[in-house]
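> Copying in the features that TrEMBL gives for the protein in this structure:
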- 376, 378, 436: Fe cation binding site (BINDING)
- 186-199: compositional bias 'Basic and acidic residues' (COMPBIAS)
- 201-210: compositional bias 'Polar residues' (COMPBIAS)
- 358-468: domain 'Fe2OG dioxygenase' (DOMAIN)
- 1-80: region 'Disordered' (REGION)
- 92-123: region 'Disordered' (REGION)
- 186-210: region 'Disordered' (REGION)
Ligand SMILES: O=C(O)CCC(=O)C(=O)O
Ligand SMILES: [Fe+2]
């Protein structure tokens with residue numbers, strides 16, 4: 001998978017593949033054992049420049065996706081809750097070959113978006129062009145715990161608390177198409193001046209293996225949506241979906257997933273996300289963190305090596321299987337896109353077909369309102385997959401995203417799509433190697449009905465399906 005995203009500098013992760021018993025730090029609004037922590041403890045709350053350009057030299061060098069926005073520097077206390085259950089992992093091994101992904105990284109300062117924020121929906125506009133502006137931030141804490149009761153030798157660093165930063169990171173290769181070996185990570189204050197690119201986005205020093213709870217307790221979810229809002233959403237849902245060919249090989253199915261489908265997907269992600277191989281804070285080899293939380297299904301994508309594997313090296317966990325229902329949606333969406341692309345290429349007399357694919361990988365990203373993902377290419381799947389142009393299929397759920405795409409890793413030249421909850425975007429064929437990323441998340445744009453039916457945190461859930 002390649003998620004474009006945000007990284008942030010931060011705490012060093014353990015060396016790859018080490019066995020890392022991890023106490024679970026779950027960020028919830030209401031839970032057990034509240035602990036008040038002073039954010040100033042978080043060394044990483046500052047914007048640490050990564051600038052690991054040119055390092056590495058491994059052919060699998062990752063390039064962070066663009067991430068703008070780093071965390072803020074506020075010193076106010078953060079309340080965190082410790083989930084007492086611990087997860088033990090078995091060290092396995094073996095990574096499959098993956099080619100590196102191209103990501104641009106960048107980051108910008110962004111205010112926190114409280115973890116307990118409310119979702120409010122808004123009408124989504126269709127496709128549009130725009131330049132992004134960073135708006136908000138999220139408050140997150142995490143840590144590595146040396147949990148009692150975890151396997152022996154486990155140490156807890158409950159002092160490692162983090163704020164989620166907007167630094168979007170990604171595995172990013174050098175911008176130069178000819179230099180495969182460079183890795184470029186950086187954090188900048190302003191995305192305009194940022195070296196961009198990177199895939200999930202987040203803060204530093206969080207424990208990379210700490211499960212992250214993307215859900216809120218109902219009790220704190222807040223205001224009920226108005227009847228007006230709900231009926232507006234119902235009307236929109238009743239209209240069904242519309243498909244359009246954005247460019248050869250790229251198809252957007254707007255409003256494709258019904259609210260019921262979205263609820264099912266969210267709930268499944270909730271369940272999987274808290275178990276083995278669930279959501280965690282991904283980071284790159286140079287400690288930069290993606291600006292998002294991630295969970296892999298089917299196979300693990302490792303941001304440190306930009307390879308797929310059967311286990312997650314950071315904690316030895318095995319990725320959950322892709323739920324069959326998810327794959328059914330993907331299959332349908334691919335067929336739908338194929339026929340749209342076929343009729344389009346008849347009109348244009350071009351050859352912009354989309355091959356069929358059966359996903360064996362799903363990368364699930366959760367973006368808070370400050371999440372982002374730098375411009376990157378998804379190119380860590382097998383050579384065969386890329387060569388044939390097997391499509392990447394992306395589901396958007398929750399808050400809308402400003403999605404960028406283009407032929408170069410250059411934001412100023414990129415086109416923008418607004419991906420709303422329920423939209424499915426597919427890029428394969430001639431667009432398989434398109435640069436893409438998430439510039440920003442639009443706060444409070446998730447459908448009210450979704451927040452009513454699930455306890456998804458404010459933010460955006462994105463699932464990208466691929467065939468290795
Ligand atoms: O969140 C998105 O829409 C894009 C994610 C992505 O590009 C990726 O996961 O590789
Ligand atoms: Fe991607």
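Positions of Cβ are set from backbone N, Cα and C atoms, glycine also.
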> So how many of the residues in the domain 'Fe2OG dioxygenase' (358-468) end up helix, strand or coil by DSSP?
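So the counts come to 18 helix, 51 strand, 42 coil.
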> Which of these binding-site residues has the least crowded Cβ, counting other Cβ atoms within 10 Å: 376, 436?
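Fewest other Cβ atoms within 10 Å, among the binding-site residues 376, 436, is found for 436.
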> Can you check how the pLDDT averages out over the domain 'Fe2OG dioxygenase' (358-468)?
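So the average pLDDT across the domain 'Fe2OG dioxygenase' (358-468) works out to 97.
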> Tally every other Cβ atom lying within 10 Å of the Cβ atom of residue 378 (Fe cation binding site).
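Taking all protein chains shown, residue 378 (Fe cation binding site) has 28 Cβ neighbours within 10 Å.
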